[in-house]
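Per Swiss-Prot, the feature active site maps to ASP63; the stated evidence is sequence analysis. Feature annotation from Swiss-Prot assigns ATP binding site to LYS34, GLY35, GLY36, VAL37, GLY38, LYS39, THR40, THR41, GLU243, ASN270. According to Swiss-Prot, the Zn(2+) binding site annotation covers CYS281, CYS284.
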Amino acid sequence: MSSAALVPADDILEPTLQSILDQKSLRWIFVGGKGGVGKTTTSCSLAIQLAKVRKSVLLISTDPAHNLSDAFGQKFGKEARLVDGFDNLSAMEIDPSASMQDLLAAGGEQGEDMGFGLGGMMQDLAFSIPGVDEAMSFAEVLKQVKSLSYEVIVFDTAPTGHTLRFLQFPTVLEKGLAKLSQLSNQFGPMLNSVLGARGGLPGGQNLDEVLSKMESLRETISEVNAQFKDADLTTFVCVCIAEFLSLYETERMIQELTSYQIDTHAIVVNQLLFPGKDSTCEQCKARRKMQKKYLDEIAELYEDFNVVRMPLLVEEVRGKEKLER
């Protein structure tokens, strides 16, 4: 492909996501879209810019295929760690399957020792729940957010379908815990007497203690769920490329976000070509023509959105310096 069709890495195109940087009330920022459209690059760049204007920023990857470590060139894990070169930007990569294993390990072995067969049964049940990986990601996020104080949190999310389930999880879990609490009020005394006769729950807890912890979790989730639906506190940045499938996924995502009452008003269109008039690259010109068609559709569909057009660069966007541009 002719380099004349690309924009050098030093060039910067307007508009930007400046409105998000200026909105000082924002606490939760989600970045999502179809796989391979540049979500991680966008979320990393946004987090770096936020670190310039906010006291403390946490960047979290909830995608099982983590890319934050590759993007910044340093290793991240499930504990928040400062990004090299920053004193107010931290990052973490949540491993959902490992989180689930940790959760089950403590109670599972005790359950087996008691003869209930709880370990294997609970593990099979837990992993059969749709969206359980997003559920564990959310639980891990809550744990980190409660123990550490960050002014704004940026989520580098999984591909579209997983992201939407992740965002729906607070509502689903809140309803589920409320129903469980209702059932416990009706059948709690009877269950306590049965469990008491058989030695109680794993770890020596009784049902009331477990339900009390779950109620506390429900209250926390209810609070976060309310924040997710507050446009002053939460927004979702959609990332796409100027192709049919990506645009289709973006439209579906925006409709679902609207149904969840989650604010979204910014779209980043990545990998755009800008061939010069004297370019001899026919493939570049043809692709630019196709991209322009979908850019026109985006402009028509989302006239009230801040649409950010980003070029296809001549080099990989890796490392603090390139991400900062």
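Quick reminder: no glycine exception, Cβ is built from N, Cα and C everywhere.
Positions of Swiss-Prot features highlighted on the structure.
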residue	record	CB count, 10 Å
LYS34	ATP binding site	22
GLY36	ATP binding site	11
GLY38	ATP binding site	20
THR40	ATP binding site	24
ASP63	active site	25
GLU243	ATP binding site	16
CYS281	Zn(2+) binding site	18
CYS284	Zn(2+) binding site	21
Problem set entry | Site extent for ATP (largest Cα pair distance over LYS34, GLY35, GLY36, VAL37, GLY38, LYS39, THR40, THR41, GLU243, ASN270, Å) | 19
Seminar exercise, completed: Spacing of the two Cα atoms, THR40 (ATP binding site) and the residue listed as 'active site', in whole angstrom, works out to 10
Exercise. Taking DSSP three-state, what's THR40 (ATP binding site) in: helix, strand or coil?
Worked result: helix
Problem set entry | Pairwise Cα distance for CYS284 (Zn(2+) binding site)/ASP63 (active site) [Å, integer] | 32
For this session: Compare the Cα of ASP63 (active site) against each of the binding-site residues GLY36, GLU243, CYS281 and report the nearest.
Result: GLY36
For this session: Write down the Cα-Cα distance for CYS281 (Zn(2+) binding site) and GLY38 (ATP binding site), rounded and given in Å.
Result: 24
Exercise. Roughly how many Å separate the Cα of CYS281 (Zn(2+) binding site) from that of GLU243 (ATP binding site), to the nearest whole number?
Worked result: 20
